[in-house]
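Worksheet: the structure to be examined is printed underneath.
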Amino acid sequence: MKVLVLAAFFALACAEPIVYFREQFEDGDAWKSRWVESKHKSDYGKFVLTAGKFYGDAEKDKGLQTSQDARFYSLSSRFEPFSNEGQTLVVQFSVKHEQNIDCGGGYIKLFPADLNQEDMHGDSAYNLMFGPDICGPGTKKVHVIFNYKGKNHLINKDIRCKDDEYTHLYTLIVRPDNTYEVKMDNKKVESGSLEEDWDFLPPKKIKDPEAKKPEDWDEREKIDDPEDTKPEDWDKPEHIPDPDAKKPEDWDDEMDGEWEPPMITNPEYKGEWKPRKIDNPNYKGKWVHPEIDNPEYTPDAEIYKYDSAGVIGLDLWQVKSGTIFDNFLITNDEKFAEEVGNETWGLTKDPEKKMKESQEEEERKKREEDEKKLKEETKEEEDEDEEEDEEKEEEEDDEEEEEETDSNLKDEL
Ligand SMILES: *[C@@H]1O[C@H](CO)[C@@H](O)[C@H](O)[C@H]1NC(C)=O
């Protein structure tokens, strides 16, 4: 018995990961036979294969890049259909917004096998949509949208995406116990239960429609003290005629009308009288609406489950193109996905950063040299101008001298 349990344990622990889909674009133009562009619209933007302006490895970092601004993109790839029933589902890919994106999608969609790839478009029914979406400073989020019984549901939590120009790894894990995890660059950024973080099911509890707050339920914590009475001398007018004011001597009642002293604020005015507050002896606390089990609620142990997945697609809009998608992986094995992430994104991320930084350093140096050159050139021009001025002055001096000689001559004559 013990042996059997151990054997079963090892079988589980050592089970080979199932790879449903993997695409790393490492065989030149051959990707074109694996990816299909939709013909739903005639002017979809073109994807090109490139490692981009900077990269960690010229070959390994080649991926699909959006190449035209202000376009919709619609490209997909098919794999052997599968159901994730009883299995963990891991969807992973890398995104690099090397164009410093202002607005555009960076997400993938997972479709059922019956998708017509040539007619794929924004409203094509999908199983899930996952990945970063950026539009202006206001939208920088990771979408996690699941289709449940024909309706798309957005996650209730805010997951901020990366918005720099480097390659980042995005991983979505959906487990058969209806839990999920989102990772960025192989680090967990969000996790929890599918039921709690999406509105797939109606709420478990609702307010009892039969229950009503009793009429005599007193929610007032403090009340006016009934014993307190207004003092008799409380009421005084707010304004009174200024007792110090005097009728001016030159006041003419007939011309100026009857004189009236100006009004001033009454120093004895006390404002409106309010009784003192005391604790309400009948206070019962806030009334809490009792809850009952929601009759509309039925638990679903298989929220995570899709009967069919068979196509992965890039269905996006981009204002500024240049995003590179790479390292697609769909598997049933979290650890394997993490390893693959380490061996792809993990290996090239630092060299990629280095290349970008050295490019920036080169650019900075070149800019400085150009500026220096420009400064020297303008200085030379200024020097030349000065020389010309000096020459002119000398000529003028000569002329003057000549004139002088002339007059001298005249005098002598
Ligand atoms: C991936 O790399 C990280 C960082 O080096 C490491 O901590 C982790 O164990 C690696 N994961 C796997 C599955 O190899």
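Backbone N, Cα and C define each Cβ position, glycine as well.
Note that the coordinates shown come from a computational prediction; the quantities given were computed from them, not determined experimentally.
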Hey, TrEMBL has Ca(2+) bound by Gln24, Lys60, Lys62. Any idea which of Asp315, Asp326, Asp333 it lists too?
Asp326
Cysteine paired with Cys135, where TrEMBL records a disulfide bond, from Cys14, Cys103:
Cys103
Do any residues, 6 or more residues outside the compositional bias 'Basic and acidic residues' (205-249), come within under 8 Å Cβ-to-Cβ of it, and if so which ones?
259-266, 268-270, 273-280, 282-287, 289-294, 296
Nonlocal neighbours by CB distance (under 8 Å) for Asp315 (alpha-D-glucoside binding site), same chain, sequence gap 6 or more:
Ser38, Tyr73, Ser74, Ser76, Gly105, Lys109, Met120, His121, Gly122, Ser124
About how far apart, in whole Å, are the alpha carbons (Cα) of Cys103 (disulfide bond) and Asp133 (alpha-D-glucoside binding site)?
8
Distance between Asp133 (alpha-D-glucoside binding site) and Asp326 (Ca(2+) binding site) at the Cα atoms, whole Å?
16
List only the single closest residue to Tyr107 (alpha-D-glucoside binding site), chosen from the binding-site residues Gln24, Lys62, Asp326 by CA-CA distance.
Asp326
